[in-house]
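> Below is the structure I would like to discuss, written out as C-alpha cells.
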Amino acid sequence: MVLKVFKDHFGRGYEVYEKSYREKDSLSFFLTKEEEGKILVVAGEKAPEGLSFFKKQRAEGVSFFFCERNHENLEVLRKYFPDLKPVRAGLRASFGTGDRLGITTPAHVRALKDSGLFPIFAQQSVRENERTGRTWRDVLDDATWGVFQEGYSEGFGADADHVKRPEDLVSAAREGFTMFTIDPSDHVRNLSKLTEKERNEKFEEILRKERIDRIYLGKKYSVLGEKIEFDEKNLRDAALVYYDAIAHVDMMYQILKDETPDFDFEVSVDETETPTSPLFHIFVVEELRRRGVEFTNLALRFIGEWEKGIDYKGDLAQFEREIKMHAEIARMFEGYKISLHSGSDKFSVYPAFASATGGLFHVKTAGTSYLEAVKVISMVNPELFREIYRCTLDHFEEDRKSYHISADLSKVPEVEKVKDEDLPGLFEDINVRQLIHVTYGSVLKDASLKERLFKTLEQNEELFYETVAKHIKRHVDLLEG
C-alpha cells in the first residue's frame, strides 16, 4: 500500500529498492534512488525521534519523510531493527567480504544470503582505511546500508582487520565492531636472521623474564599419530618467534576487554617467513590459553605462496597434509576456528581447507571484490578503465611494497593496444590482477578517477552487483562443497 502510493505520486523521480521495505510501529522504511544518489524514505504520521529529513510530502493521507543516508538516520534504523547491528560469528563457519569502495555489500549479500556461512560484511584493515581515506564508522555504516538495501536480516559481523595499535582497536570497538583481528607481526622474530649464538642469548633474555622452559620442556602431544615433544631447541625457536608477539596480543586483548564485553578475537600469526609448524601452532595456543586470552580464530602461515588476488601457488598435496594436522590440533584444544588470510581466489585449496577443518573456519577476502568492480569498468567504460590502468602503472612500485606479490610489469599488456571488447580478459592475467589489486589507494586518491569510477558503477549497478556476487559465490560454493 505505502509503496504503491509512493510510486503513484513520486515514481517518476525515484527508483525504489523494494527489498529494503520494512515496517515497524506503524512506520514504513525503504530506500530509493534519484539522480543525486540514494535516499531513505520513512512513511508514517510523524517522523521517528532522532530522524533528520530534508523534505516532507503528503500523498493520500500518508506523510513521506525524505532523509539522507547518514550515521544519525542509520542509528534510528538500528533502534527499530536490531538486526542492522553487527553481531558475533562465534564458532560458525564464516566468510569476510572486505569492501574497499563502500558500495559493494548488496553484491556480498546476494552471494552469501542462502549459504551456510556467517557473513562478515563490514571488514577493512587499518592499511585499507588509510589508503581509501575511510574511518571505522564509514566501513560499518556503508555495509549496514547495503544490508538494509537488500532486505537482509539474518545477522552479520564487523571485523576491524590487521590492527596493530591500541588506539585503532579502541576506536573500532567504540563504533560497534564485533570482531578484532590482531596483527602482531612487528613483534614476530625472523629466525633466519639470527645466528645460533644470538638465538641462545635472546632465549636467555626470555627465560630471565619467565621460566617457560619449566612449563614446556618434555611436554608431549600426539597429532594424527605423529608424536610432538618440546625439547630445548624447538622450544627456544618457538619462543624466539612468538613469545613477544603473544605478549603484544595479550596486551591488546586486555585493552579490548575494558572496551566491550563480547567480541570475536582473531590472532594472526601468518606474517612470518616460514610456515607455522604443528609444534609452533601448539606453542601459540598454549601460550594464549595460559595468559587467559580467549580467541575465536587463529590465522596461521601455511606452506606455499598466498599472494594477493590469485590462486594458491604451491604443493597442494603437502598443503592438504599440513591443514589436516593443524585442524586436528584445533580440535584437540577446542574452542577456535582456523582463519585463512589472503583468501581471495584461492579456489584450488578451498575444498581441502573446508573438509579438513570440518567447518571450523573463517576466510577473508577483500581485494577480489575491488578487482571485479574494476572489471565492470572495463566492460562498460573502456576509456575510464584505460585511465585507471595507467594510474596503476604509475604507482605500482610504491604501492606494492606492503604486499606479498610477484607481479612482473614487463609482462603486463600495453592497454592502448588491447581492443575494447578484450579488456575484461585482462583480468585472467595474474600480473594484471596484482597490478590493479595493490594500487586501489592511488586510484581512489585521484579525485577525478574516483568520481567517475563510482558514477560508472552506480549507472551500471545491477551488472556491478551480479558480477561481484557471481565471483564471491564461486568462493562460497567451493567452501561448502
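Any Cβ shown, glycine's included, is placed from N, Cα and C.
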> Besides His162, Lys308, which of His108, His281, His341 does Swiss-Prot list for that divalent metal cation site?
His341
> For divalent metal cation, what surrounds His162, Lys308, His341 with a Cβ no more than 8 Å from their Cβ centroid?
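Near the divalent metal cation site, the remaining chain residues are Ser125, Asp161, Asp270, Ser342, Lys364, Ala366.
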> Is His341 (divalent metal cation binding site) helix, strand or coil when read with DSSP?
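In three-state terms, His341 (divalent metal cation binding site) counts as coil.
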> I need the CA-to-CA distance for Asp161 (active site, proton acceptor) versus Glu266 (active site, proton donor), whole Å please.
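Cα-Cα, rounded: 9 Å.
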> Other than its own, how many Cβ atoms are within 10 Å of the Cβ belonging to His341 (divalent metal cation binding site)?
23
> Sort out the sequence-distant neighbours of Lys308 (divalent metal cation binding site) for me: same chain, 6+ apart, CB within less than 8 Å of its CB, listed by position.
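Within the chain, Lys308 (divalent metal cation binding site) has Cβ neighbours under 8 Å at Ser342, Ser344, Gly367, Tyr403, His404, Ile405, Gln434, His437, Val438.
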